[in-house]
Amino acid sequence: KIIVEKDPVRTSFEKWAQPGHFSKTLAKGPNTTTWIWNLHADAHDFDSHTNDLEDISRKIFSAHFGQLSIIFIWLSGMYFHGARFSNYEAWLSDPTHIKPSAQVVWPIVGQEILNGDVGGGFQGIQITSGFFQLWRASGITNELQLYCTAIGALIFAGLMLFAGWFHYHKAAPKLAWFQDVESMLNHHLAGLLGLGSLGWAGHQVHVSLPINQLLDSGVDPREIPLPHEFILNRDLLAQLYPSFSEGLTPFFNLEWSKYSDFLTFRGGLNPVTGGLWLTDTAHHHIAIAVLFLIAGHMYRTNWGIGHSIKEILEAHKGPFTGEGHRGLFEILTSSWHAQLAVNLAMLGSLTIIVAHHMYAMPPYPYLATDYGTQLSLFTHHMWIGGFLVVGAAAHAAIFMVRDYDPSTQYNNLLDRVIRHRDAIISHLNWVCIFLGFHSFGLYIHNDTMSALGRPQDMFSDTAIQLQPIFAQWIQNTHALAPSLTAPNATASTSLTWGGGDLVSVGGRVALLPIPLGTADFLVHHIHAFTIHVTVLILLKGVLFARSSRLIPDKANLGFRFPCDGPGRGGTCQVSAWDHVFLGLFWMYNSISVVIFHFSWKMQSDVWGSINEQGVISHITGGNFAQSATTINGWLRDFLWAQASQVIQSYGSSLSAYGLLFLGAHFVWAFSLMFLFSGRGYWQELIESILWAHNKLKVAPAIQPRALSIVQGRAVGVAH
């Protein structure tokens with residue numbers, strides 16, 4: 001059955017050229033400056049353009065193609081910079097002494113000071129994106145390949161742009177297609193994840209592995225055969241991996257162990273590059289592909305066999321859960337906000353897990369010894385994960401306000417959660433109070449004892465110990481596990497677990513067992529505190545999005561509103577939007593502590609140089625365990641010790657970071673202006689300025705208005 005509608009919407013440049021064409025009110029044009037804010041707020045709020053779920057679904061689907069085309073353009077730019085402006089080939093020939101750079105600043109008003117010496121006679125800005133390491137792992141050996149990939153990405157960007165137009169204006173899917181979840185699961189699991197992983201595994205085996213094997217052996221990149229030569233000439237591969245000479249025979253004979261020369265199960269890191277064994281990662285991608293190809297055949301479509309999501313959900317009942325998951329299928333196929341909320345929560349958590357794996361199991365060659373890149377990747381993935389998790393709460397709240405129909409959700413799990421929301425929130429609040437007082441209480445105790453000169457009464461590894469015994473037990477079991485579960489593995493999954501192994505590359509520590517002590521125990525409970533407060537704010541926003549004792553008719557006021565009218569004091573900052581706004585601040589809080597912890601811990605206990613005698617000199621000399629047990633220690637030995645280097649960077653090639661540091665604090669202070677000043681103050685000021693303009697007969701046609709309360713908060717939180 002074909003579920004596509006032909007030519008549903010005319011392509012009209014005249015319509016698109018009119019700002020606000022998606023809304024009757026906005027299309028009339030501006031009366032006041034509020035118009036431009038509403039334009040930004042509603043341009044992508046497809047719910048406000050139409051009530052037709054089919055049209056909304058098509059717009060989202062089309063927008064996804066637009067998003068993909070932007071991603072391809074961005075990627076193309078990265079690869080083009082690598083091809084045109086970088087020292088990639090030099091770095092590839094000597095990655096331990098030459099730093100990655102892909103940007104050379106033009107000599108305008110002395111800015112060329114930013115071009116530091118990155119080694120190999122190249123002057124430029126050191127980059128910390130990890131692209132060089134990724135390219136090496138992919139088997140890219142010269143700049144021509146980067147050019148080709150950049151051009152390929154632009155072609156794909158064009159294709160995506162075309163697809164976005166085509167599937168909205170020429171052949172738009174009907175609503176039934178968007179709601180056919182079993183078919184969608186099969187195709188996404190088997191196609192995207194299954195065949196995607198298999199394709200990547202194929203590239204790794206036929207291109208990446210042989211090229212990296214030769215690079216690791218010290219062969220000049222210019223002498224290594226090109227990718228197509230490995231793909232077309234099996235004998236070339238057989239020289240490196242003998243099992244290639246047997247072709248697919250062992251596969252069909254079930255003698256799979258013959259392939260263990262290029263599909264390994266080693267564990268640990270490659271001592272040459274300090275990255276995971278690429279033969280391990282190729283093996284991993286084949287295993288993942290098999291799993292997802294099977295998963296992509298599990299759901300019932302045309303043949304009457306397999307799982308039905310609706311049946312699974314409706315059968316999901318426990319003795320104390322009433323109607324269980326009945327009604328959730330209808331929610332997830334008719335509310336894209338609900339669907340998005342679940343996906344964002346999952347993807348956000350996964351992104352944070354990725355942040356931790358990037359340093360514990362560094363996947364690319366020479367990544368572990370590039371400390372700036374390690375720090376950047378950790379920070380990047382933590383922030384992205386944080387935004388996605390807050391986004392999950394935002395869309396869950398929008399679902400509650402716009403899409404939730406209480407009459408169809410009686411006594412199922414969602415209804416039951418909403419009915420005992422007071423118990424959930426008050427318990428969560430108690431947990432936050434407990435964690436806050438106890439975690440900070442331990443720090444305050446330590447600061448006081450330190451100030452009174454009583455170090456023997458402090459909580460630290462050298463006085464009253466609070467060892468994280470459960471974390472240490474987990475570390476220990478993981479370090480010992482492979483000897484039982486994977487007897488052929490040479491090391492555990494990550495060197496961080498323990499076991500005494502250390503990998504260093506070019507005299508720099510790649511990774512070693514990370515010791516955990518009292519300082520980690522203390523800061524861990526600060527993490528627990530900040531995360532629980534974030535969850536408290538966000539969950540309260542979702543569970544009270546439709547109604548509360550204070551405002552029983554909140555659902556009628558919408559997702560965002562400043563206050564419940566002038567007649568009711570004390571009802572400001574209660575909208576679901578405001579909870580997202582406040583939750584964002586606590587998310588920022590949480591992530592700051594995490595990044596501080598990671599940054600100092602790694603510099604103190606992991607990163608550093610190692611001499612011929614095997615003596616390690618850590619960057620901050622192992623001061624974390626003693627200093628991180630007091631607030632004063634954090635301020636003096638981490639924040640000031642590190643920030644002062646940035647502040648004193650003027651006049652050196654690092655000065656951009658000093659200026660960014662200054663600028664970031666300026667932006668932060670600027671945000672407070674929007675958060676702490678009332679709307680009326682600005683309106684009064686504007687009217688006074690307007691009076692002067694009128695006096696001189698230069699009054700604007702569009703009447704200036706102060707930002708609304710919600711707009712001011714949006715600007716504040718963004719800055």
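Even glycines carry a Cβ here, placed using N, Cα and C.
According to Swiss-Prot:
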TRANSMEM  60-83  transmembrane segment
TRANSMEM  146-169  transmembrane segment
TRANSMEM  185-209  transmembrane segment
TRANSMEM  281-299  transmembrane segment
TRANSMEM  336-359  transmembrane segment
TRANSMEM  375-401  transmembrane segment
TRANSMEM  423-445  transmembrane segment
TRANSMEM  521-539  transmembrane segment
BINDING   Cys563, Cys572  [4Fe-4S] cluster binding site
TRANSMEM  579-600  transmembrane segment
TRANSMEM  654-676  transmembrane segment
BINDING   His665  chlorophyll a' binding site
BINDING   Met673, Tyr681  chlorophyll a binding site
BINDING   Trp682  phylloquinone binding site
TRANSMEM  714-719  transmembrane segment
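Annotated features, which come from Swiss-Prot, shown on the structure.
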{"residue": "Cys563", "record": "[4Fe-4S] cluster binding site", "DSSP class": "coil"}
{"residue": "Cys572", "record": "[4Fe-4S] cluster binding site", "DSSP class": "coil"}
{"residue": "His665", "record": "chlorophyll a' binding site", "DSSP class": "helix"}
{"residue": "Met673", "record": "chlorophyll a binding site", "DSSP class": "helix"}
{"residue": "Tyr681", "record": "chlorophyll a binding site", "DSSP class": "helix"}
Chain-internal residues near Trp682 (phylloquinone binding site), provided their CB is under 8 angstroms and they sit 6+ positions away: Ala706, Leu707
Tertiary neighbours of Cys563 ([4Fe-4S] cluster binding site) (same chain, Cβ under 8 Å, six or more apart): Thr571, Cys572, Gln573, Val574, Ile709
Separation of alpha carbons, His665 (chlorophyll a' binding site) and Tyr681 (chlorophyll a binding site) (Å): 24
Sequence-distant neighbours of Met673 (chlorophyll a binding site) in its chain (C-beta under 8 A, six or more apart): Gly716
Outside the transmembrane segment (521-539), six or more residues from its ends: residues with CB under 8 Å to it: 389-390, 393, 424-425, 428-429, 431-432, 435-436, 438-440, 442-443, 446, 459, 466-468, 471, 579-580, 582-583, 586-587, 589-590, 593-594, 597, 628-629
Distal contacts, the transmembrane segment (654-676) - CB-CB under 8 A, six or more residues away: 113-114, 116, 125, 643, 646-648, 707, 712-713, 715-719
Among Cys572, Tyr681, the one of these binding-site residues whose Cβ has the fewest neighbouring Cβ atoms within 10 Å: Tyr681
Intrachain residues whose Cβ lies under 8 Å of the transmembrane segment (185-209), provided they are six or more past its termini: 137-139, 227, 230-231, 237, 240-241, 262-263, 278-279, 281-282, 285-286, 288-289, 291-293, 295-299, 301, 309
Cβ neighbours of His665 (chlorophyll a' binding site) where a neighbour is any other Cβ within 10 Å: 10
